[in-house]
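Below is one structure, written out as structure tokens; the observations come after it.
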Amino acid sequence: MFRGGEKMRQIPKEVIEEVERLREEIEYHNYRYYVLNDPVITDEEYDRLMRRLIELERMYPELVTPDSPTQRVGGKVLEGFKTVKHSVPMLSLDNTYNEEEIIEFDKRVKKTLQESEVEYVAELKIDGVSIALRYENGRFVLGATRGDGVEGEDVSENVKTIRSVPLRLRKPLTIEVRGEIYMPVDEFKRLNEEREEEGLPPFANPRNAAAGTLRQLNTALVASRRLDSFIYYVVHPENYGLKTQWEALQFLKEIGFKVNPHSRLCKNIQEVIEYWREWKERKRELDYWVDGVVVKVNRFDFQKVLGETSKAPRWAIAFKFPAEQARTRILDVTIQVGRTGVLTPVAELEPVQLAGTIVKRASLHNFEYIREKDIRIGDYVFVEKAGGIIPQIVKSIPELRTGSEKEIKPPQSCPVCGGKVGKLSPDEVAIRCLNPHCPAKLKRALRTFVSREALDIEGLGEKIIDRLVDSGLVKDIADIFYLTPFDLAQLGPGIGQRTIAKILQEIEEAKKRPLHKLITGLGIPMVGQKTAKILAEHFKSLEAIAEASYETLKDIPGIGPEIARSIVEYFRNPKTREIIEKLKKAGVKLEEKTVKYDVLKGLTFAVTGTLKNFTREEIIEFLERLGARVVNSVSKNTDYLIVGENPGSKYEKAKALKVKTMSEEEFLRFVENRAKLKGYNFDEIMRGWKEWS
């Protein structure tokens with residue numbers, strides 16, 4: 001329903017109809033992309049629809065409604081969160097940690113129900129924040145946190161920014177559903193790196209990151225953090241003719257919600273245990289963090305018989321994975337200087353096996369963290385991987401101290417340049433090097449610039465970068481492109497003529513890298529690879545991005561106000577302008593002129609396993625350059641699955657759905673044959689790809 005009263009009569013009927021059509025179309029494509037993982041239009045076509053809707057809503061602000069897709073980008077600053085009462089209490093779950101206990105749970109269930117076997121639904125337990133979502137006539141009206149289970153906080157404005165949460169359902173239902181809001185692993189890692197660079201304390205785990213984000217008063221900040229969702233529960237399922245949890249999951253997907261694809265219907269508790277064992281080993285394949293399996297009695301009539309306690313249902317239980325912690329000892333603490341000057345203490349550890357890798361170092365984040373946790377050199381400590389990826393010290397073990405342990409004190413000067421250290425503001429946690437010319441800052445910036453994700457200058461490793469900066473040959477990132485054989489020869493032992501020639505050749509090749517790789521290499525705060533690609537696709541040149549206004553940037557899907565502000569501030573800096581000019585004079589490609597071929601146009605691909613000639617990112621880029629659509633999961637709409645070494649569950653699903661599979665070698669032959677049919681030279685395509693990548 002549009003707002004606007006008397007003014008509505010002045011708006012042309014065709015405009016109202018176009019706005020409604022655009023909203024329906026955009027929500028449909030959001031559903032295809034974020035829920036089904038199966039888009040049917042290009043990003044460019046989607047952006048065009050969104051820009052048109054934004055344009056019409058600006059011309060006719062009376063047409064803006066709370067459920068418009070344009071409201072997802074955030075921009076409001078909230079005064080606080082009001083308390084709301086849940087229609088049905090949001091209970092917690094009892095936990096179990098081993099197979100014996102889950103078998104006991106099954107025995108209790110069967111005894112109460114007087115059944116010989118009970119069917120269960122096993123669902124991955126997402127490490128996120130519980131959420132209740134309400135809809136009236138298919139339109140989103142409320143998002144509330146669990147709170148104490150009886151009352152929660154109204155976080156509707158922040159929930160709107162989450163792309164996988166539909167603002168309109170695919171049916172005009174009045175319904176309440178529940179699920180989990182989570183932060184993907186890559187986003188968690190990016191956010192913590194960014195926070196450490198900015199001198200802020202990192203989040204301990206993805207759940208804390210999601211919870212902290214959902215309670216932000218600035219909705220634009222929430223939008224920039226790319227939260228995601230899985231929905232798994234229907235309140236009053238009998239109102240919709242649902243008799244089992246498994247039916248409810250299919251129903252949720254049909255009406256527009258993102259449902260975890262790995263849930264499984266189990267005939268008995270033994271199948272539940274097999275599922276738990278499988279995902280205990282496979283959990284690192286996922287792009288979100290899971291800490292166990294939720295086991296639910298499938299039939300709703302059985303659930304009613306079993307009932308619940310005041311705290312938890314008797315028909316469900318959390319079957320947790322073993323905690324991944326290890327005990328080790330701190331041998332020393334070193335200080336790293338970040339790109340923005342933040343001094344980060346790093347614990348040097350006795351090597352210890354943890355979650356499949358040997359851990360020798362762990363970030364201590366900042367000196368306030370060290371003080372709060374009472375961590376000392378020589379302490380025995382517990383280490384775990386935050387979000388399954390980042391080693392961090394959870395706690396020290398004071399009981400094992402001998403008296404020889406040493407306190408960890410903040411440095412009085414920068415350990416690299418000897419310059420003054422301090423805080424940018426009294427309430428800042430981080431201590432920084434205040435010297436604007438500190439070589440450590442430049443070294444970190446250069447490592448980002450030449451990394452594989454950016455300009456990929458392999459010959460410029462850490463040691464050579466250190467020598468280039470220490471010798472004064474490189475004073476900013478653009479100076480890389482002005483190096484001469486004579487400059488490199490001055491760097492001392494190990495830099496022979498062949499090495500020099502190789503480095504200079506790689507630097508020359510780096511000038512032709514795609515625009516998004518250059519943008520990534522600049523190290524703009526909040527701009528990673530994904531955002532860099534959006535900018536390159538939209539603007540086509542670095543200079544156009546540099547000239548773009550805040551208003552233009554914030555309206556681009558995938559950018560939003562916070563990232564837009566960061567980009568504008570970065571390019572407003574006179575030093576940035578100087579660097580761009582130097583890059584231009586050196587012959588670095590500042591424009592996107594990527595040639596695309598329609599060799600695989602109209603075909604949908606998925607990929608599983610490890611490939612020989614491509615990383616996962618590269619094969620996706622390659623397929624998209626050839627006109628294919630790439631999806632993360634296999635469905636009946638997938639044309640081909642490319643299978644590498646050690647394939648995952650996609651391979652089994654492809655076989656079950658009779659989706660065609662091909663090895664990497666078969667795929668390349670397939671491309672060669674399709675190229676010939678369309679009149680393209682395969683060798684030219686591959687040469688162009690190598691230059692572009």
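Glycine too: its Cβ is placed from the backbone N, Cα and C atoms.
Feature annotations, courtesy of Swiss-Prot:
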BINDING   Asp43, Glu44, Glu45, Tyr46, Asp47, Ser92, Leu93, Glu123, Arg146, Glu180, Lys296, Lys320  NAD(+) binding site
ACT_SITE  Lys125  active site, N6-AMP-lysine intermediate
BINDING   Cys414, Cys417, Cys433, Cys438  Zn(2+) binding site
DOMAIN    595-684  domain 'BRCT'
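When DSSP labels each residue, the domain 'BRCT' (595-684) comes out as 36 helix, 17 strand, 37 coil, counted as helix, strand and coil in that order.
Proximity of Arg146 (NAD(+) binding site) to non-local residues of its own chain (separation of 6 or more, Cβ distance below 8 Å) is seen for Met90, Val129, Ser130, Ile131, Ala132, Gly152, given in sequence order. In the structure shown, the C-beta of Cys433 has more C-beta neighbours within 10 angstroms than that of any other entry among the binding-site residues Cys414, Cys417, Cys433, Cys438.
Leu93 (NAD(+) binding site) sits 49 Å from Cys414 (Zn(2+) binding site), taking the C-alpha atoms as the reference points. Here the candidates are the recorded positions Glu45, Lys125, Lys296, and by Cα distance the one nearest Cys433 (Zn(2+) binding site) turns out to be Lys125. Of all the Cβ atoms in the protein chains shown, 18 others lie within 10 Å of the Cβ of Leu93 (NAD(+) binding site). When the recorded positions Lys125, Lys296 are scored by other C-beta atoms within 10 Å, Lys296 scores highest.
The binding-site residues recorded for this entry are Asp47, Lys296, Cys417, Cys438, and the Cα of Lys296 lies nearest to that of Lys125 (active site, N6-AMP-lysine intermediate).
According to DSSP, Arg146 (NAD(+) binding site) is assigned to coil rather than to any helix or strand. Least packed by the Cβ count within 10 Å, out of the binding-site residues Glu45, Asp47, is Glu45. Apart from Cys414, Cys417, Cys433, Cys438, the residues listed for Zn(2+), the same chain places the Cβ atoms of Val337, Gly341, Ser413, Pro415, Val416, Gly418, Gly419, Val421, Leu434, Asn435, Pro439, Ala440, Lys441 within 8 Å of the centroid of those Cβ atoms. Among the binding-site residues listed here, namely Cys414, Cys417, Cys438, Cys438 has its C-alpha nearest to that of Glu45 (NAD(+) binding site). The secondary structure of Cys414 (Zn(2+) binding site), as reduced to three states from DSSP, is coil rather than helix or strand. Between the C-alpha atoms of Cys414 (Zn(2+) binding site) and Asp47 (NAD(+) binding site), the distance comes to 46 Å.
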